[in-house]
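Below you'll find the structure, written out as C-alpha cells, and then a few comments.
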Amino acid sequence: MSTAIRSGRQSNWEAFCQWVTDTNNRIYVGWFGVLMIPCLLAATICFTIAFIAAPPVDIDGIREPVAGSLIYGNNIISGAVVPSSNAIGLHFYPIWEAASLDEWLYNGGPYQLVCFHFLIGISAYMGRQWELSYRLGMRPWICVAYSAPLSAAMAVFLVYPFGQGSFSDGMPLGISGTFNFMLVFQAEHNILMHPFHMLGVAGVFGGSLFSAMHGSLVTSSLVRETTETESQNYGYKFGQEEETYNIVAAHGYFGRLIFQYASFNNSRSLHFFLGAWPVVGIWFTSMGVSTMAFNLNGFNFNQSILDGQGRVVNTWADMVNRAGLGMEVMHERNAHNFPLDLATVESTPVALQAPAIG
C-alpha cells in the first residue's frame, strides 16, 4: 500500500487564499474584500477626478449642459458629479459604448461608472461583514444592520432611476445635488405624506434620541474606580469581566423618570432594540422610495375640507401641495413648459369667483 506524501511547500495560490481569509490580519480582506477593494477604489478615483475636472453634462438631453466640477466654477457645496443624460436613459453606458471620450463625458458617463462600482463595492462590504463574523464565530446581525443604509443607497441610485426610466433622475453626487434631489422628489411624489417616510423619520430621530439617552444613562451610572482628580475613563480596563456601569441604578432612574416599564431590565434586549429601531425605520424609507419610484406616491389630501357652501378650507396638506407645485415649476425649467401636475389636470383657479364685468 502506497501513501502519497504532499510537499511541505505551499503553492502561491494556497498562500494567497490563506492570507485573504486570515482573521489575524490588521485589516481583514476576505473573498468579498477581493471584490470590494477594486470597486471602491475605481469609484473613489473616478468620483474625485470628475468632481474636480469633468466637463458639463447634458443631463436633460436637450443640449443644455450643466456644469458640476470645481474647475468650471463650482465650490465644495455646489459641485457634483452630474447624472448621465436623459438621452442615454437606462442604457448601460461604459466608455467603450461612446464614440469618443468627449462624448462619454458630455453624456455623463462618469456618473454610471461611479454609481455601479460604488453599489457593487458597498454590497461586497456587507458580504465582508458577514464573512468576518462567520470566521470569528459571531452572530450575523452586524451585516443585517448595515443592510439599512445599503438599501437606501440602492433605492436612490438604482431603483429610483429604473422606475423613472432614466439615470438622469438619479441622485447627483454632491451636497447641493442631494438637496435638489430631495426637493424634486417631494414635488413629484409628495414623500412627506408617505407613511414609510414617516416611519423612516421616526427611525432616524428616534434612534438618535435613544442613543443619546443610553449613552447619557450609562455615563451617569459608571462604577467609580478612580479618584475625584482622575478621569473616570481610566477606571475601565479593556476586556475586564465586571460591568463598568450599574445597570440597576440606570434602570431605577429611568423607570422613575418616566414609568417602570419604559425602562429595560435586560441589557441584551436593550441593545437589540437600539439596533433594530433605526434599521427598521430606514428599511421602510428605502421601501417607500422604491415604491414611489414607480409613482405610487404619498397620500393626497389636497382640498379635502369644504365649508357649507363648497368652498375649500385650506389645510397643511394644501400648503405642502402649493410648495410642491412651486418646486416642480422651477426644476428642469427648460425641459418642459409646465410641470405634469399643471399640464394634465384641471387648472386650479386663482380667484374663488369670477369678477363681474359691466
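Just so you know, the numbers here start at 1 and follow the chain as drawn.
Using the three backbone atoms N, Cα and C, a Cβ is placed for every residue, glycine included.
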Which range of 196-217, 240-261 is transmembrane segment, per Swiss-Prot: 196-217
In contact by Cβ distance (the transmembrane segment (117-132), the transmembrane segment (273-287); 3 or more pairs under 8 Å): no
Proximity of the transmembrane segment (141-155) to the transmembrane segment (117-132), 3+ C-beta pairs under 8 angstroms: yes
Intrachain residues whose Cβ lies under 8 Å of the transmembrane segment (117-132), provided they are six or more past its termini: 23, 28, 30-33, 35-36, 39-40, 42-43, 46-47, 138, 140, 142-143, 146-147, 150, 153-154, 157-158
Recorded positions listed as His189, His271, least Cβ neighbours within 10 Å: His271
Phe264 (quinone binding site) versus Asp169 ([CaMn4O5] cluster binding site) - Cα distance in angstrom: 45
Cβ neighbours within the same chain of Glu188 ([CaMn4O5] cluster binding site) - under 8 Å, at least six residues apart: Asn297, Gly324, Glu328
